[in-house]
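S.K.: Below is one structure. I have some questions about it.
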């Protein structure tokens with residue numbers, strides 16, 4: 001709960017090299033909303049939420065994300081296409097340019113923090129060029145009580161200047177936009193892009209280094225909820241697999257929908273204070289929690305509005321990546337504070353468009369590590385190109401773009417924690433059944449919810465299982481509320497020989513993707529691989 005006492009504190013930005021700026025410190029959501037409209041940077045939708053257009057960039061730009069290579073990072077970061085090194089001197093020069101750019105401007109400053117567990121709290125100061133970016137920071141990070149602001153000292157600084165354009169030839173960037181992490185100076189420097197997700201994912205990436213390296217805590221790209229008995233469930237999954245949908249359960253309290261830590265004390269905590277949900281094709285019937293959260297204080301990004309300010313959630317004219325951010329207290333059924341104990345069940349969600357993987361299966365520790373490192377889902381190709389074949393997509397740890405360390409480091413931490421806590425790990429296919437995309441149909445959400453509920457309630461502990469002939473996964477033969485023929489995907493295909501061929505094809509994709517990890521993976525992990 002944020003108190004409403006008047007904030008009288010003021011701050012100077014001179015120490016950051018930002019001279020003569022007009023500083024707007026810790027403005028309320030209402031003030032930031034009104035300033036955005038007054039500046040012509042957004043409009044109010046019929047629900048009272050602020051609607052903005054983020055400009056040229058409507059999503060993250062992973063090829064323009066850098067980490068400063070220095071004494072802290074050079075031997076720890078897994079350098080490559082995901083973690084691209086940046087020169088220390090170039091960083092200092094670029095930082096000074098951004099600071100100079102923000103001089104004489106209105107700058108919106110916010111003190112906030114990440115990590116709902118006080119032991120792991122990371123204080124953040126966010127400096128924004130635009131008021132709506134600062135409202136995003138209010139929504140997404142945890143909000144300190146006003147009395148905490150008097151002695152607030154940031155651990156990390158986020159400097160965010162969407163209007164600043166880098167000169168790639170001079171500044172060492174790839175193009176005019178950039179998001180750079182400096183672990184020695186503890187700065188996230190973001191410029192040339194108005195996409196607010198860069199702010200959120202900048203701090204997430206920082207925590208994905210800081211927590212495992214210094215705190216023996218596993219950072220996870222997952223959602224989490226907790227039952228009445230205090231049992232925590234964790235849902236890993238890439239975009240579009242159902243993380244947000246499936247963790248919103250009327251019988252369980254939401255801890256968070258995207259970023260969490262699993263501590264050495266075997267507790268779970270949310271990194272964030274808000275949610276950043278996709279709203280493409282959103283309906284009140286399918287996603288009531290998100291739909292109702294779109295109210296004053298929320299920010300809609302890149303959506304289409306009609307003359308009355310009503311949102312057309314099916315309109316993808318600007319982007320398919322339409323979003324809403326809101327503080328977590330816009331949702332009713334939440335855990336306060338956003339922490340949990342004793343993880344009992346972990347779900348790896350995948351939308352398998354090949355129609356091969358079972359709707360639910362139980363994993364051994366080796367299989368769990370293998371599938372965690374693989375991070376598989378499938379993308380359905382765009383119809384404009386006339387391509388109907390699904391495309392496999394692998395993202396290590398279900399969040400490769402945000403993981404500075406080698407994926408096997410996170411996988412080994414997860415394995416140790418799973419064994420110590422005796423956790424059940426389930427692979428859940430929210431994708432296709434009865435054939436691949438174009439032939440089969442999407443798994444019914446009703447069935448997926450039934451299977452997850454059965455797993456959470458322990459109803460799958462005493463049923464018979466059968467082993468998948470290629471992936472070696474243990475598939476329950478029965479599950480309450482789900483037709484038994486659905487549980488073995490091979491039985492849902494008219495042509496079972498075609499199924500076997502498709503399963504081998506998918507198995508080959510898995511094995512090919514995993515080659516780059518083989519030299520780092522132990523025997524137990526390699527035993528979790530599908531057969532050739």
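Cβ coordinates are placed from backbone N, Cα and C, and glycine is handled just like the others.
Since we're looking at a predicted model, the values are computed, not measured.
Here's the feature list from Swiss-Prot:
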BINDING   60, 195, 201, 323  substrate binding site
BINDING   201, 221, 237, 238, 239, 240, 241, 242, 243, 244, 245, 287, 323, 448  ATP binding site
BINDING   201, 221, 258  Mn(2+) binding site
S.K.: For the substrate site made of 60, 195, 201, 323, how many Å separate the two farthest Cα atoms?
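M.R.: Farthest Cα pair among residues binding substrate: 15 Å.
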S.K.: Just checking the binding-site residues 60, 195, 237, 245: which sit within 10 A of residue 221 (Mn(2+) binding site), CA to CA?
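M.R.: Among 60, 195, 237, 245, the ones whose Cα sits within 10 Å of that of residue 221 (Mn(2+) binding site) are 237.
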S.K.: Determine, using Cα-Cα distances only, which of these binding-site residues is closest to residue 245 (ATP binding site): 60, 195, 201, 323.
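M.R.: That would be 323, the closest of 60, 195, 201, 323 to residue 245 (ATP binding site).
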S.K.: Helix, strand or coil for residue 243 (ATP binding site)? Use DSSP.
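M.R.: Helix, per DSSP.
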S.K.: Counting across all protein chains shown, how many other Cβ atoms sit within 10 Å of the Cβ of residue 323 (substrate binding site)?
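M.R.: Result for residue 323 (substrate binding site): 23 other Cβ atoms within 10 Å.
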S.K.: Cα-Cα, whole number of Å: residue 60 (substrate binding site) versus residue 239 (ATP binding site)?
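M.R.: Per the Cα atoms, residue 60 (substrate binding site) and residue 239 (ATP binding site) stand 13 Å apart.
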S.K.: Between residue 239 (ATP binding site) and residue 323 (substrate binding site), what is the CA-CA distance rounded to a whole number of Å?
M.R.: 12
S.K.: Write out the long-range same-chain contacts of residue 241 (ATP binding site), meaning residues 6 or more apart in sequence whose Cβ is under 8 Å from its Cβ.
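M.R.: Residue 241 (ATP binding site) has long-range Cβ partners 349, 350, 351, 377, 430.
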S.K.: Relative to the Cα of residue 258 (Mn(2+) binding site), which of the binding-site residues 195, 243, 323 have a Cα no more than 10 Å away?
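M.R.: Near residue 258 (Mn(2+) binding site), where near means Cα within 10 Å, the binding-site residues are 243.
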S.K.: Suppose we draw a 10 Å sphere around the Cβ of residue 245 (ATP binding site). How many other Cβ atoms does it contain, all chains included?
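M.R.: Residue 245 (ATP binding site) is surrounded by 22 other Cβ atoms within 10 Å.
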S.K.: List the Cα distance (Å, whole number) between residue 201 (substrate binding site) and residue 243 (ATP binding site).
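M.R.: Rounded to a whole number, the Cα-Cα distance is 17 Å.
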S.K.: Rank the binding-site residues 60, 201, 221, 243 by how many other Cβ atoms lie within 10 Å of each Cβ and give me the one with the fewest.
M.R.: 60
S.K.: For residue 237 (ATP binding site) and residue 323 (substrate binding site), determine the Cα separation and express it in whole Å.
M.R.: 18
